Every structure is written in C-alpha cells, then in structure tokens.
Amino acid sequence: MSKVVEISPTTRHEGHSKLVLKVNDEGIVERGDWLSITPVRGVEKLAIGKTMEQVPKIASRVCGICPIAHTLAGIEAMEASIGCEIPEDAKLLRYILQCANRMHSHAIHNILSLPDMYIPGTDVKINPFTKEEPVRSVALRIQRLREIGQTIGEIVGGEAIHPSNPRVGGMYKNITPRAKAKLYDLAKESRVLAQEQMEFMIAVFRNYQNRDWSEVGGVEVPITKDLGYHNQGYMATAPVYGSSSLDETPMWFPDRFTEVRPWDWYMGEVEIDEADPNYPIGGTTPVGNKAWPQMEACTGVPLYDGQPVEVGPRARLVQFKNYDEKGAMGLQIARQMEFPETAYGIIDALDALDTSGSVLADEIPQGDGSFGWAANEAPRGTDVHMAKVKDGRVEYFGMLVPTTWNFPTCSRALTGAPWRLAEVIMRAYDPCVSCATHMLVIDEDKRLVAQKLIQ
Amino acid sequence: MLFREIVIAGCGNPLFADDGFGPAVVEELQKLQLPDNVKVIDAGLGAPHFLFTLMEDAEVPVKKLIIIDTADFGANPGDVTKLRPEDLPPGTYRDAHSWDLSEPLQRLKDVIDITIIGCQPKRVASHEFELGLTEEVEGAIPKTVRIVLEEIGVEYGATINHQGTHLWASPGETTGDAGENPGEKV
C-alpha cells in the first residue's frame, strides 16, 4: 500500500518547486513527480512586437541565475532568424563569457550541494559557511572561483550580472589589451583552483557513494547504490558553447522536439498520508493535505524524440566524451569534471582573440520572418531560444530552459530511492526553476518597521 | 575589480512594473561621475546570489553596501524609506533564488555597513510581465539618487554641474549619457 509524501517547497536550489512522492512501506519512491510551482509569466507574448535588440535583454531578466546564458541564446536566436554571421573575435568574447558563467555557476552549486555531503572519512556533514578548517579553505576557494568567474564576466560582458556588451550582430566593444592581460591572470589563477576544487569535490561525492547511510532530519537513511538512476536519453549540443540554426551542422533539431501538457504527464489528485515534521526546513506537508501535480505544475513537459531527456554537465560529457557514470553522484562528478575546462577555455579563447579585431558584423539584416533557433549550453543544460524576426521586430519568440527539460527526467530518476534522499537527487540536477519575483516585505502584516520615512 | 569599498546595488526586475525601481535608480547613478571607491551595480535578480554571498571574502573588502529595492512598508506609492538589516527579521527579504541558502545580509551586516533604501511600489505585477514603472515610483528616482549621494558623502551639487544635467529637477529631465559601459578598462 503506497503512501504519499510531499516536500514543498524544495530547498537549496534556485526557484520554487515541489516533490510529490508515492512511497512504499519501506519508504522507497515508487513514483516521483517533481514540478515547478512558479507561475508561467508569458515572456513569449511580451516579446512580440519588440525589437530584436530588446528581446534578449528581456529574456535575461526572466532569471537571476542564468542571465548570461539567456542573453547569448536570445541574441543568437535573433541572429539565426535574420541570418547574421558575427566576426570571429565576437564569438571568442562570447565563448569567454560562457566559460566564466559556467565557472561561477558550478562553484555556487558546490555550496548548494555540500551540506548533503560529509567530510571524507567522517560522519561530519559539511557546512560550507563554517569558519573551521578544513572546510574554511574549501569555502574560500569556492568564493575565489566565483569572484574570478564574475570578474571575467564583467570585463567581457560589461556588467557582472545582466551583461550589456553582447548585441545582435556581435558585441558592442572589443576588450583592451590591458583587459586581455588581466583576463589571462585571472584565468591562470582559476585554472589551479578549479583543478583543486574538482579533485576535492569528486573525493566528497565518492565518499558519499561509498557510505551506507546518510542522516536526514534525525533519521539514518540507507543510501541505495543506484541513487538517482534513470533510463532516459541525453541531450547536449556542444561540449562548451552551443549551436544555432546558422551552423553548417546544427546540433539541435526542432522537429525532434514536442511538448505535452502537465495534465498528460503528472499524477492526478492525491492526499498526503505520510509526513515527517522533523524533515529539514519546516518538515514535509502535513497529513490530510491534498496535492494535484497535473494541475499545479506550471511548465509544459518537453520531449525529444518523444521522451524526456537529461540536459546539463553529464549530458555534455556523455555526448562528447564517452562519460558513462549514472546516478545522482555521477551527475555531480560530471559537473566537477567541467571545472578545469572553464579556465582552459578562457585561456584558449584569449590566445585566439585579436583585441583590435572588429566585433560587429558589417551588415545586420533586419529579417524576413524566417525561423531561427539557438541552443546555448548553459551551466545547467541546453537553453534553447527560438525566434522569428521581420523588419527588425520579433514576430515569434520561445524559450526552452534547462530545468524544464530536466523536470520529467529527474522525476523518473526518483524511482527506487528512499524518499528522504529525493532532494539529494533533485539537487544533483542543479535546478534553476525559472523564477522572477523579487521584493522586500517588512513583515506579514505590512507593519511599518522603519520609522525613518523620508518625504 | 568586482567590488570596491562602497557598493551600490539596485535590485529588482524591470519585467514586473515597479519592481524595476532598483535597476532604474542604478541607470541614473551610472550617468554620474562618482568617486573611484564607489561601484554601482545593476544587480537585477541576482544580488543575493551573485553579490551578497561574495562580499564577505572579497578581494577588495567592501565597507559599505547600499541596496536599492522596492519595499512594501505600508506607505504611499513612491515613498522612500531607509532600512537597516536589523529592521528585517530573518527570512523576510524574500528572494526566491537564494535567501534561504544562507541569508547573506544577516551574515554580512556584522562586517559591512548596510543601508537599504526601499521604495513603496504602486504595482508589482506578480503573475505576468509588465514593462515600465508607475508614475509615482518613477518620481521617486531623483530623491533616491540624492539619498544615495548623501549616504556616500558626495556633494551632489558639484556632480550635477559636472555632468551639466538637471537630473533631479524633475523626473524625466535627464540628459546624461546612456549607461552602457561595456568592456571595462582595467
């Protein structure tokens, strides 16, 4: 007789999502549904009628975590639609941006997933904010990698968070020779740090794999050897950057993509009949509440060749480097393996970059309404933007973001795992649930806390 | 450098009507010539994630952080208030991305002087995107710029003259250069 547990909201990732889990008497997940509960915002509609310059800027604001990926995918979708080839030096600058973004994203994900892990050889969980060694120096290394990634992103992209330098047709400005020298220094420093960080993190994940149990909310939970396994496919368009419909050999095919409604995918209405008030951060949903995933899920379910697929670091390594390790830890380790590559990628691109080269196309066509797409290999996976531009205005715009691809795949990967480890599996995917609302609220009753009202 | 001694971060999302207040103020500040130890950042949606968790161990130590954001404090739209991190009970800075990760402001406030300048929004579109600030909140931009300049000890009269604009004579009268500043020279 299966019971239903709900973890809502899920934590230590980006955005709002929840897990609805049907579990057996041993607490093993028989069916798991992982779904976004962030409302659909309708950016695709907002884009219609705007200029092709505006829309990528708008797209970069739909998410505070992947603004670089969204900016680049949005711009390149416009370029694909209008048939605009950009100069080589502009491509190199974008490549550097991509690597810097990935370096930062992977580093911060380490902070998100480390609290599930143990200091190797001990039963001590890692608190990345502790001031005590040996964790303190690891935390400092993570912070330095993040700082380097962001600084490089700022120098090349113009701004650290929402990059202003990339534009339809290339980049607004090339970098100066002094900036290039600075970037070399930063990349070389990060190369060493990234290698050390990769080795440390892989040791931590291997240690978790070899453990028999993990403590969650005061309960010792056995770690299954096939934690987070699934039999779905993988999708990636490039080891580092991405692909667009302008490529001679495009790596993504719109015809292979279909989408079904949440109604056709997620489970129907269920009643919560198991709960654990001691589960971290507020306990699971109390018994007696209802959940209705097929009504509550706020994203469609994208399929590739009729199946959900995994995107992200492992997908890239499977497609391009013969990587074959499955499971949640296999995915985590794949992410770490991408670390050094980000620094080497920046150095290689700098070697090739001519700082006096033009970074803007000689001619920027205004578009005839042709369909174009660009798939950017964002840190969390393939971020596909699609566009039709006519006379400089956007007639159609669509976004297929990484976590949308990963929702149904990860849901499958939950089967067979102890339900208390479902979040460990989910976090391995580094979810970036599209989210946007951002506001200060003083307290629930709108009580005025600050008396220093000005004017 | 990612940070300087004084960091001014405009937070919020221009896709949600008045929630774009922070980035709009930053756009104005970027038109001004500010001292070298000041850095103005359009933090958009990523401030806690990209900035606040980094400041504690930054290469250049941050001494003062000014956050500009919308704040629902029950006043009239466009009213502006100054807050200290202590005014915010833990967890009420509702940033869906990473606030629950570490509550970075609560940790930072012991090592960095933090001021939050909050503007009461009139309308924050919560379900659908809506571009553009309301008139009331647009009108709060000049006085917020003034408050920021006071906070960092800049004689704004001189700054205005230097730029030759009438930035805060009335809303919408700005004539400074656009804030595009890509390819930072280092």
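Any Cβ shown, glycine's included, is placed from N, Cα and C.
A:Cys432 is the residue from A:Cys410, A:Cys432 that TrEMBL records in the Ni(2+) site together with A:Cys63, A:Cys66. By a Cβ separation below 8 angstroms, chain B lies close to these of the binding-site residues A:Glu44, A:Cys63, A:Cys66, A:Met399: A:Cys63. Residue pair A:Cys63 (Ni(2+) binding site) / A:Glu44 (Mg(2+) binding site) shows a Cα separation of 14 Å. It is 17 Å from the Cα atom of A:Cys66 (Ni(2+) binding site) to that of A:Glu44 (Mg(2+) binding site). Secondary structure from DSSP puts A:Cys63 (Ni(2+) binding site) in coil.
Of all the binding-site residues given, namely A:Cys66, A:Met399, A:Cys432, the one with the smallest number of surrounding CB atoms inside 10 A is A:Met399.
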